[in-house]
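Peer 1: Got a structure for you, written out below as structure tokens; questions coming shortly.
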């Protein structure tokens, strides 16, 4: 039955309105555009998969260790350490503002007895007593407050690295003192810091004060090995060419301007608030099993003050590179299990797309020099109770990660009404204490943040920082860049599909199994699938064409086309015969596929992997084989038909996507069997395989080669009632050989009889198949 629908999708054509084609082109067309790099280049959206070689373009990063530079005289900028690297010079540095501060640094070699030496300081000859009875070098800091006073010995730095430092900050001059590796900083105050000039007699480096910890590290432990090679040649300070412009936190600076365009630099502080979202899906049955617990994208809107201006911001938080965990407490229906739950760890990334209504986000299309600096934040997991029908509840608790800023690019953020050009901030992760565990299970001591309760009661997580960018905008501020309408239309459709998927998944428990079996036996075709939609015949024809076009681009349709070749007579009604028959046109191609599988069996050592690969190909054989029983696609189509009839969100726009998606995702865990005399061989897509006798259900050794030969020559049967269910049914109720053969062949009459008798084992199996019909 379902194969008839799929054949119609592959072969039939229907009339369609031209307006439908135009809408499709407008919403789905993509084109390759080559941008000529010049003064202005359009930035790309952020990548979905991150690679180790990824770098941020047009981002200027201030070096931690800038140099070395040749000896010179200059007025050093404030908030930059001058790291002095002498060789054997006696006078290292002289600095003064000629009003209230004169500082000189003298270098004394190891093992020097008390003696008087002559130095030339600020053009004057001075006799200064020095002594160094250690094996390290000593820096003597000489100081005076007025031009007529004598120099006094103020501080000493004893160093085995032979490095010293000098800094102008706030209203003081800072230097190092003490003994390495525990040297610290100290200061001398002045009323005129800006006029302090220096004469540096040695090679030196420049380090920003924001990296002061690095400067302290170099003073105490030495320069990196690379800086100590003979290939490092000092250059003149003029090569640095630094413009010391102290930008405000929030300001717009016009970089350049022509008659039509101008470059605008935007500097903004920023407060990012975000939260995680998750999806918790529970399996059917007795209520002891969960299907999946995963992260979902989460939107958050909020207001905050920026320099007295009220800003409305919108963020979208998503994750990449999740780790899949699972827990299985046993095979019984009352054993607690979670098939899959997601955890983010060190190999994961968190994306936060940020947009606000300020001027900075207008016309954000052509952007360069995009940079940001953000704080880190710790995200901790809370508790989640697995509410079991009976017994003590397992409790998931703990887990934490820290988010560290790792880059920023442009992105597009979709809201309910418009798509917005926004900034995507990327965060790398480190795991933190405490680890997570599941109480009353053996899961404990694992690190990362699981998707169970990632917000832990917090309304949001908050990160503060700032960003800057240079944007090409029209000279006339009244112009704005339009948003592509087709992008918004397509996003609206995606949102409708999301609502429809949630509704479809929630309808699974409302389907009566007896009606499902009856519906699965009906000769459904394309038009009968549309009965739940109130529309005209013309609309139905147009909709059928849309479904057909979607399906032809799917992976399943491509596989079927390759397998079956021409199916020109597929639109005609195919009646079921009393015996199993195969589509002749598929035999030769399937034989080729089987030979490929058999040929690969020697190279693949894992039998389970072989069975999984073979079972996934068996679905193609299932679609091209008609039997007197049911197959998985009969159930899939019946469930789809029932949900379409009950749905309130279905429409001609969403049905094509839903039908195509259901053909791929409904009942992903399929099992197939072949029957030879009194022996049944069964395999599923997870790689599990069985061989057993029909009379006793006693397992026998599984012969892979025999199985490959059988699937080439014999019909493939959908294992609606799998081996585990058959054995359970026989052990608890006892079944005859005739009943066993009927269940093995998935005879719908026998299935209906068992369901009408309210047999719990058969009912539970059919319920599980219905619950697997998820999008």
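Quick reminder: no glycine exception, Cβ is built from N, Cα and C everywhere.
Quick paste of what Swiss-Prot says about this protein:
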| type | residues | note |
| --- | --- | --- |
| REGION | 65-223 | region 'Spike head' |
| REGION | 247-478 | region 'Spike body and stalk (antigen domain)' |
| DISULFID | 317-379 | disulfide bond |
| REGION | 388-408 | region 'Hydrophobic' |
| COILED | 483-515 | coiled coil |
| REGION | 509-775 | region 'Spike foot' |
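Help me picture where these features are in the structure shown.
Peer 2: Within the same chain, residues at least six positions away from residue 379 (disulfide bond) with a Cβ under 8 Å of its Cβ are 276, 400, 401, 402, 403, 449, 454, 461.
Averaged over the region 'Hydrophobic' (388-408), the predicted model reaches a pLDDT of 91.
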Peer 1: Write out how many residues of the region 'Hydrophobic' (388-408) are helix, how many strand and how many coil, based on DSSP.
Peer 2: 0 helix, 13 strand, 8 coil
Peer 1: DSSP on residue 317 (disulfide bond), three-state: which is it?
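Peer 2: Its secondary structure by DSSP: strand.
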